[in-house]
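Novice: Have a look at the structure that comes next, please.
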């Protein structure tokens with residue numbers, strides 16, 4: 001384990017994520033090959049790339065929120081809200097494309113920012129604030145929409161089905177957004193503040209960072225990403241649906257993808273590239289099961305096993321990293337003392353949803 | 001309502017202990033206390049809207065309908081105060097309901113073995129949740145998310161997602177019927193089960209287990225240094241939540257019938273109930289009885305809205321709004337509490353002095369600011 005840790009070097013736990021991804025790809029390829037099929041046909045790869053777009057967008061926003069030490073459980077409802085607003089506003093007309101997209105995104109960004117304000121200035125835990133806001137939206141959706149609504153404009157539908165080479169355009173856009181988010185976190189002042197507040201809000205405040213702003217920005221961006229995900233769904237399905245986000249389970253799955261990507265739920269640690277790895281792990285497993293025509297309910301079972309097993313693998317590895325960077329932030333943590341009991345003099349971890 | 005001496009610490013160490021009435025008033029001013037006032041108000045409102053419910057029999061039937069949520073909240077309470085979440089409770093309910101439906105069938109003689117099997121399943125689920133969280137150091141949120149996916153996936157796979165056959169009537173008695181009594185008239189078994197579960201849980205909280213569980217949720221390092229096996233405490237909390245979900249499932253089989261999605265959403269409803277009852281996410285704080293009251297508040301609010309004629313589709317919005325309001329109130333009080341208590345907080349002896357009450361709690365600490 002320690003040799004592995006040294007090998008990882010500056011890459012941190014992200015390399016571990018991609019090692020697991022590699023393992024998952026190998027296992028999936030072998031299993032698919034054993035059934036006489038091929039995981040790597042262009043068709044299968046296109047399906048895989050298409051499948052990561054929506055969860056990818058949601059998970060980018062979720063990563064930012066988790067990095068700042070909060071949590072966003074409202075994304076599933078925001079995806080649905082965005083889809084019905086966008087499809088409802090454009091109603092199949094070409095002229096409605098821009099108003100539809102703008103309406104949907106403004107709504108989700110404002111709601112995200114509102115959640116952020118509750119977390120930042122009322123100091124609610126992100127879990128509670130986003131659960132509450134998400135439920136508010138859920139009631140609105142259930143009360144005002146019955147079944148699918150609206151229609152995608154021809155332009156948007158074209159965007160949904162277009163692809164450049166092997167890459168579907170929505171997935172390409174997702175990757176561009178991912179790079180933008182990486183730049184935001186790694187290269188800008190706001191990104192530094194985001195990590196600082198996530199690592200330890202108190203220390204950040206003492207160092208002169210306005211601790212509220214990064215939280216609001218992260219939640220607003222999470223709303224934005226969920227909104228884009230909803231629009232991508234409209235582009236794909238051609239209609240908006242008030243239940244599409246909940247059915248996709250994007251709230252919990254995006255959190256799982258972020259944690260699979262090596263991020264700490266306590267905040268301050270994690271990377272967007274890791275999240276991409278987490279999404280790809282999901283996508284590879286899903287795509288292999290899709291080729292093998294596994295029962296959709298059993299897919300859920302496999303997903304659950306993969307989430308637990310993969311996170312169990314990193315939870316041990318990530319430990320030393322935490323001590324070096326955020327020893328003070330480790331603080332009182334439920335997992336910590338139990339870990340010490342269980343595994344002797346190893347370093348504490350900061351996993352645990354404290355905020 | 002607002003208390004003069006809101007701090008338990010002050011009341012405990014102050015040699016001149018304030019009278020009982022003052023302490024009750026102070027308790028009611030805490031997030032865990034205000035929920036009882038809210039509960040009484042809501043129940044009164046429910047009865048006003050539907051005077052039939054004033055009859056003890058009908059009122060007890062109302063409580064019986066709330067019992068499953070309250071029992072799930074009891075289980076969730078133990079996990080929450082230990083500083084974790086249990087998202088798998090709804091899936092556990094689904095598994096147990098389907099197990100009961102398919103295995104018991106029409107044969108009453110199978111009830112006992114199947115119930116034993118259900119509790120064995122609960123113990124396995126609780127142990128897996130607890131041990132993966134504590135020993136493998138997977139965050140509880142992720143562990144229980146995983147077991148939720150696994151269990152609900154298996155349940156839906158086994159049933160194909162459709163409703164199953166109801167088990168023998170003898171098994172459904174607990175959720176459906178009750179006891180004829182001379183004074184109350186009719187006592188539903190669900191109420192009896194609820195009272196027994198809550199009493200047992202309250203006893204557990206008072207035991208060393210409960211005290212150490214709260215300690216380990218508040219500060220696991222201190223708990224560990226004090227020699228308590230934190231991993232085993234948390235594992236037992238997960239065991240209790242899985243068992244509570246099973247008891248709720250047994251009631252739901254009688255009340256709602258057999259369907260794999262019977263339990264869906266119960267985990268978040270239970271977390272909501274606990275939060276309304278003043279349980280702090282992150283662990284270490286919260287009253288069990290207030291969590292139960294939180295569940296009853298939530299359910300009576302839904303009942304009331306039903307009577308008033310609000311469409312059921314607004315239920316999530318109401319739930320969301322009450323979470324946010326309850327949390328905002330809790331947070332404002334906690335912010336106030338964080339200021340160091342001034343040594344000269346005087347124990348007021350006149351509890352009825354309503355309008356002057358809030359002043360002493362804030363006034364001495366004014367210079368601190370937020």
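Cβ atoms here come from the backbone N, Cα and C positions, even for glycine.
Found this in TrEMBL, in case it helps:
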type     : residues  : note
TRANSMEM : A:12-35   : transmembrane segment
TRANSMEM : A:47-68   : transmembrane segment
TRANSMEM : A:75-95   : transmembrane segment
TRANSMEM : A:101-122 : transmembrane segment
TRANSMEM : A:127-147 : transmembrane segment
TRANSMEM : A:167-185 : transmembrane segment
TRANSMEM : A:215-235 : transmembrane segment
TRANSMEM : A:247-265 : transmembrane segment
TRANSMEM : A:272-291 : transmembrane segment
TRANSMEM : A:297-315 : transmembrane segment
REGION   : A:332-355 : region 'Disordered'
Novice: Where, among A:47-68, A:247-265, A:272-291, do we find the most CB pairs under 8 A to the transmembrane segment (A:75-95)?
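Specialist: Stretch with the highest Cβ contact count: A:247-265.
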Novice: Against which stretches of its own chain does the transmembrane segment (A:47-68) lie, if we need a Cβ under 8 Å and a gap of at least six residues from its ends?
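Specialist: Contacts of the transmembrane segment (A:47-68) (Cβ under 8 Å, skipping residues fewer than 6 from its ends): 75, 79, 112, 126, 166-168, 170-171, 173-175, 177-178, 181, 184-185, 194-195, 197-198, 214-215, 218-219, 221-226, 228-229, 232-233, 248, 250, 253-255, 257-259, 261, 263-265, 267-272, 275-276, 278-280, 282-284, 286-287, 290.
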Novice: Can you work out which residues elsewhere in the same chain, 6+ from the ends of the transmembrane segment (A:272-291), have a Cβ less than 8 Å from its Cβ atoms?
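Specialist: 13-14, 17-18, 20-21, 24-25, 28-29, 31-32, 35, 37, 39, 44, 47-48, 51-52, 55-56, 59-60, 62-63, 178, 181-182, 185, 253, 256-263, 298-299, 302-303, 306, 310.
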Novice: Are there three or more C-beta pairs under 8 angstroms joining the transmembrane segment (A:127-147) and the transmembrane segment (A:12-35), sequence spacing 6 or more?
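Specialist: Between the transmembrane segment (A:127-147) and the transmembrane segment (A:12-35), which are separate recorded stretches, there is no contact, as judged by 3 or more close Cβ pairs.
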Novice: Other than its close neighbours in sequence, what residues sit by the transmembrane segment (A:101-122), given a CB gap under 8 Å and a spacing of at least six beyond its ends?
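Specialist: Sequence-distant neighbours of the transmembrane segment (A:101-122): 61, 70, 72, 74, 78, 81-83, 85-86, 89, 129-130, 132-133, 137, 156, 211-213, 215-224, 226-228, 230-231.
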Novice: Take the transmembrane segment (A:127-147) and find every residue of the same chain, 6 or more past its ends, with a Cβ under 8 Å from one of its Cβ atoms.
Specialist: 70-78, 80-81, 84, 111, 114-115, 118-119, 219, 241-243, 246, 251, 353, 355
